[in-house]
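J.: Handing you this structure, nothing more for now.
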Amino acid sequence: MLYKLTAHEAIELIKKKEVKCQEIVESVLERIRQVEDKVKSYITITEEQALENAKKIDEKIAKGEQVGSLYGLPIALKDNLCTDGIRTTCASKILYNFVPPYDATVVKKLKENDMTLLGKLNMDEFAMGSSTENSAFHTTRNPWDLERVPGGSSGGSAAAVAADEAFFTLGSDTGGSIRQPASLCGVVGMKPTYGRVSRFGLVAFASSLDQIGPLTKDVEDCAIAMNIICGHDPYDATSAPIEVPDFTKALVNDVKGLKIGVPREYMEKGVNDEVKKAVEKALELLKSLGAQYEEFSIPIVEYALPTYYIIASSEASSNLARYDGIKYGYRTQNYEDLIDLYKKTRSEGFGSEVKRRIMLGTYALSAGYYDAYYKKGLQVRTLIKRAFDEAFQKYDVIITPTSPTTAFKIGERVSNPLEMYMSDICTVPVNIAGLPAISIPCGFDSNGLPIGLQIIGKAFDEQTILRVAYTYEQNSGYRNLKPQNL
């Protein structure tokens with residue numbers, strides 16, 4: 001049952017030589033064999049390499065050699081993070097057999113700290129979606145209820161942690177793709193400040209919004225992962241040359257005197273009553289521990305969703321232009337000339353949601369509409385950022401629901417893109433403003449499905465949100481939650 005441990009508990013056992021790295025890795029691989037058929041978190045499982053790596057770590061420990069801070073901990077990665085020699089598909093037919101010749105910076109950092117890679121995780125194609133139903137491979141299922149979605153686009157990353165198929169995972173968050181699935185699967189998910197983590201080697205969806213972050217079993221594991229993946233990187237021009245603190249030092253069980261803002265707009269339309277009640281209960285708990293909270297208004301956020309879909313789709317239309325069947329990736333078999341090759345390759349290689357967003361973005365960038373859509377979107381983005389900056393002059397953190405509802409049924413929203421887009425209504429403003437935010441479990445609805453609490457912080461102040469999250473977790477008991485039906 002070693003797979004049930006949190007990452008920090010497992011690391012401690014290996015460190016003390018109470019258990020071998022190989023035993024931990026074998027335990028998780030056995031767990032994958034038990035539940036993967038039901039959950040379907042993975043696209044690729046690298047079992048042989050994982051066992052080989054664990055053996056090497058154990059040999060290092062036996063010889064008393066220096067071992068990285070992860071001590072061979074088994075971890076899995078979203079399949080849009082490049083891994084040298086291991087295929088990276090973005091859950092798309094167009095990259096079905098793509099094997100990168102290099103590692104993403106975050107992968108390199110995890111390797112330097114001696115992780116054991118278990119494999120690559122399922123996602124919505126090119127990270128476009130909120131349910132992992134847009135994968136070209138299969139739909140991942142929510143470990144709490146196998147008839148429901150795990151959220152998206154990092155659905156495989158969240159489901160794998162909830163089902164104990166990895167100690168922690170990495171995902172990417174462009175409009176809520178780490179936090180929303182974390183909320184739906186009852187795990188912890190952190191989207192760091194834009195620029196805190198290098199995006200080098202992350203297959204781009206919307207470059208000004210994408211950010212890599214961890215999905216973990218509890219807040220302490222999240223801080224451990226953040227310590228490893230954050231930091232400036234010369235390969236990413238948008239990564240911030242700001243010193244990385246030791247995030248584990250922020251894990252203090254104390255919120256006395258902390259000022260919390262609760263934006264009225266987030267508690268209104270579209271937010272399910274049970275979600276609202278759970279968030280209010282969480283706020284009352286923090287108040288009883290010495291924090292103060294008050295409601296305030298941030299009206300501009302109602303424009304966040306349309307602004308996000310204009311900016312993100314425009315950037316995607318540009319980023320995805322490189323998939324043309326010439327140098328790598330899928331290429332159509334029957335074509336008459338070069339234009340026909342491009343057209344058929346892209347028509348056959350991309351799924352319908354990706355095509356929808358490429359068309360939307362191309363339209364927003366076209367000569368006649370650029371000012372009305374894309375340029376206007378950038379102006380609204382500035383206003384949203386400014387509104388958050390003003391709020392943070394008054395409050396230390398802002399608390400909202402992570403997702404307006406709990407996990408919905410598989411297939412329920414597929415035919416209604418607008419309803420699907422509404423899943424991200426609570427998360428996209430954070431990406432637009434480039435702020436850090438974490439989602440932590442804060443209860444269950446009447447169907448026994450997890451509810452997530454979102455804590456938003458000032459730019460580069462991940463420590464404060466980790467402190468609030470840790471305090472809440474320690475006092476609420478919602479940590480390392482396990483679905484009973486697996």
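Each residue, glycine too, has its Cβ placed from N, Cα and C.
Dumping what TrEMBL says about this protein:
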type	residues	note
DOMAIN	23-466	domain 'Amidase'
ACT_SITE	K78	active site, charge relay system
ACT_SITE	S153	active site, charge relay system
ACT_SITE	S177	active site, acyl-ester intermediate
J.: Taking 10 A as the limit, how many CB atoms besides its own sit near the CB of S153 (active site, charge relay system)?
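T.: I count 35 other Cβ atoms within 10 Å of it.
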J.: What residue among the active-site residues K78, S177 has the most other CB atoms lying within 10 A of its CB?
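T.: Counting Cβ neighbours within 10 Å, the top one is S177.
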J.: If you measure K78 (active site, charge relay system) to S153 (active site, charge relay system) at Cα, how many Å is it?
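T.: Between the alpha carbons of K78 (active site, charge relay system) and S153 (active site, charge relay system) there are 9 Å.
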J.: What does the structure give for the C-alpha distance between the residue listed as 'active site, acyl-ester intermediate' and S153 (active site, charge relay system)? Integer Å is fine.
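T.: The Cα atom of the residue listed as 'active site, acyl-ester intermediate' is 5 Å away from the Cα atom of S153 (active site, charge relay system).
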